[in-house]
Amino acid sequence: MATKYPKFSRDLAQDPTTRRIWYAIATGNDFESHDGITEENLYQKIFATHFGHVAIIFLWASSLLFHVAWQGNFEQWIKDPLHIRPIAHAIWDPHFGEPAIEAFSQGGANYPVNIAYSGVYHWWYTIGMRTNNDLYQGSIFLLLLAALFLFAGWLHLQPKFRPSLTWFKSAEPRLNHHLAGLFGVSSLAWAGHLIHVAIPESRGVHVGWRNFLTTLPHPAGLTPFWMGNWGVYAENADTTGHIFGTSQGAGTAILTFLGGFHPQTESLWLTDMAHHHLAIAVIFIIAGHMYRTNFGIGHSIKEMLNARQFFGIRTEGQFNLPHQGLYDTYNNSLHFQLSIHLAALGTALSLVAQHMYSLPPYAFIAKDFTTQAALYTHHQYIAGFLMVGAFAHAGIFWVRDYDPEQNQGNVLDRVLKHKEAIISHLSWVSLFLGFHTLGLYVHNDVVVAFGTPEKQILIEPVFAQFIQAAHGKLLYGMDTLLSNPDSIAYTAWPNHANVWLPNWLEAINSGTNSLFLTIGPGDFLVHHAIALGLHTTTLICVKGALDARGTKLMPDKKDFGFTFPCDGPGRGGTCQTSSWEQSFYLALFWMLNLLGWVTFYWHWKHLGVWQGNVAQFNENSTYLMGWFRDYLWANSAQLINGYNPYGTNNLSVWAWMFLFGHLVWATGFMFLISWRGYWQELIETLVWAHERTPLANLVRWKDKPVALSIVQGWLVGLAHFTVGYILTYAAFLIASTAGKFG
């Protein structure tokens, strides 16, 4: 008999029911639970998958370059980036009728195409690419790199090339190599690319494979570097009249600190960014030499964490919190490591979302409004998923990897011991935020509905306005720090030399960009709604992780594993109590809820800025009907009009996705609000009917159909809810923005 799926578990492969498929999917990536796995083998498998992961990323980037070079309009777009729509790729669809072909022949193409809202055109243009040939070369290079990484992944699974467990657990050498090699050297290489290729291209000087060794990036060459006279590289910067991509108004500086934006492209100065990457490289290369490896010099992380002395003063550890035993706990738990890495990456990604629109790095991207909206939403959503993943893996750590003996008295032990205080405080703050914010919104809603809008409770966000004023925003007249020319912030070195401050102040006060947008009562309310979402999601995540080992109701929870369906009614109801259901299922709902509020706010606020009509947001965001009517309903009008009696338009694909997204989302509820007996009856009824229907009964199940467990039903529901939610909002966001701004 042929071996059945899954090969990694003999027990599961022999299960005669459809449970086999479900459990195999559920445990496919849980290498720890597979047959015959050893710790060393586990690390080696994960290590090899990293190469595969990088190969997929290179392949994806290669496909973008290839399709734009083949079917896009990169060379035409460069000539007029503000008015020509960038093309992602052609559409080949045999179902298209004449009206659809006409509607989707856009962006200057004479055949149906998709418009690109990813910002790749702006990125490639900024970093010095100018021709389709450049794109093809990049695509082939990445393809070869992907092949190389796939080979490397395979190679590291061969017996002679498998790293040992001790190699995986040497934290200091890994940290040194990642800091100095991965971050430091790659930042240095990127600074090199910007200085040698991108900056000359922005000044109309083409640097290619033929002349890059003979074209000096700076007229003085390396002399100022060797002489220690580095200021020379900042002299003669591009002027405010510089036309990007030409020599008109161009300077010769390569490393500057101009601050603010290039007036024409409305993006950060390339020379500022080169300076930034060089500085990052220096810092990280130094950081990559701090930890003790072969030579017995440098820091030992274990010694630092176990230390009880801080410059001669007796202490429990950093911030007086004891860290004894943390090194081994962290170094021996892949889930602990993954949890912290996901949390760090999730935070970084959210910061990327916030900075990409407020400090746009790519030329002309600030004026491609649909791309700005798509990139913000995309990065915030991914950040949300990563953060929830962080707490899910924290839950697995507490159940599988945490050793109470080894961590006695340290910070993990302390957090676990006073988890009731942490959870109850989060609960209190969530309740406070929820009731007060909703109370204000509902009050305002009622008085507006009764025709007395002057009775609204409108609160100015004075503390946030103070922070904006401290950064130099003059509008509020607060006269503090950078908005006060006599303050120490204004006059301190190096500002007194007027290095970056004039351009920064001009940018923050311009009113046409997204830097420190003017805020009022509507922002105050939605800020607190977002705070409610953040605190509630955090409450669920933290409770799910800290309660993973046990609670008053179920003190032996850890013995059941990370995910268990139910422990029966005998304990007073233990359904929905595993860390899996709390830190993953429930948290995802609140995470999506929160992201809805965040992206609605960002989008509506920016529609006003882009259309030059901020009054609509300011006046109508202070009550609920304003959000429903003037943001959601008003902006979905064009979307609902994607199909009409007059035929198709270029929003019709988004209109269809909008409808389909709602359908998928609503399907989720069927799986979420249900119980197991219902599914078992349904399955058996379907099988009975199937087996008695001509033709259909020629196909038989090999596995006996068994209903989904409650947890599996929820997973199906959650998947539909999430996918439908994202599809619906993505279609709404892109179509409503593109419909207004082309």
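Quick reminder: no glycine exception, Cβ is built from N, Cα and C everywhere.
Since this is a predicted model, take the numbers as computed values, not measurements.
According to Swiss-Prot, the features are:
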BINDING   C566, C575  [4Fe-4S] cluster binding site
BINDING   H662  chlorophyll a B1 binding site
BINDING   M670, Y678  chlorophyll a B3 binding site
BINDING   W679  phylloquinone binding site
TRANSMEM  46-69  transmembrane segment
TRANSMEM  135-158  transmembrane segment
TRANSMEM  175-199  transmembrane segment
TRANSMEM  273-291  transmembrane segment
TRANSMEM  334-357  transmembrane segment
TRANSMEM  373-399  transmembrane segment
TRANSMEM  421-443  transmembrane segment
TRANSMEM  524-542  transmembrane segment
TRANSMEM  583-604  transmembrane segment
TRANSMEM  651-673  transmembrane segment
TRANSMEM  715-735  transmembrane segment
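Swiss-Prot feature annotations superimposed on the structure.
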residue: C575; record: [4Fe-4S] cluster binding site; Cβ contacts under 8 Å, 6 or more apart: P565, C566, I710
residue: H662; record: chlorophyll a B1 binding site; Cβ contacts under 8 Å, 6 or more apart: G724, T728
residue: M670; record: chlorophyll a B3 binding site; Cβ contacts under 8 Å, 6 or more apart: G717
residue: Y678; record: chlorophyll a B3 binding site; Cβ contacts under 8 Å, 6 or more apart: none
residue: W679; record: phylloquinone binding site; Cβ contacts under 8 Å, 6 or more apart: A707, L708, G713
Surrounding CB atoms that lie within 10 Å of the CB of C566 ([4Fe-4S] cluster binding site), all protein chains:
18
Other than its close neighbours in sequence, what residues sit by the transmembrane segment (421-443), given a CB gap under 8 Å and a spacing of at least six beyond its ends?
415, 456-457, 459, 525, 528-529, 531-532, 535-536, 538-539, 542-543, 546-547, 622-624
Same-chain Cβ contacts of the transmembrane segment (651-673) under 8 Å, 6 or more residues past its ends?
100, 103-104, 636, 638-643, 708, 713-714, 716-732, 734-735, 738-739
Should C566 ([4Fe-4S] cluster binding site) be counted as helix, strand, or coil on the basis of DSSP?
coil
What three-state class does DSSP give C575 ([4Fe-4S] cluster binding site)?
coil
Answer with yes or no whether the transmembrane segment (373-399) touches the transmembrane segment (583-604) by the criterion of at least three Cβ pairs under 8 A, sequence separation 6 or more.
yes
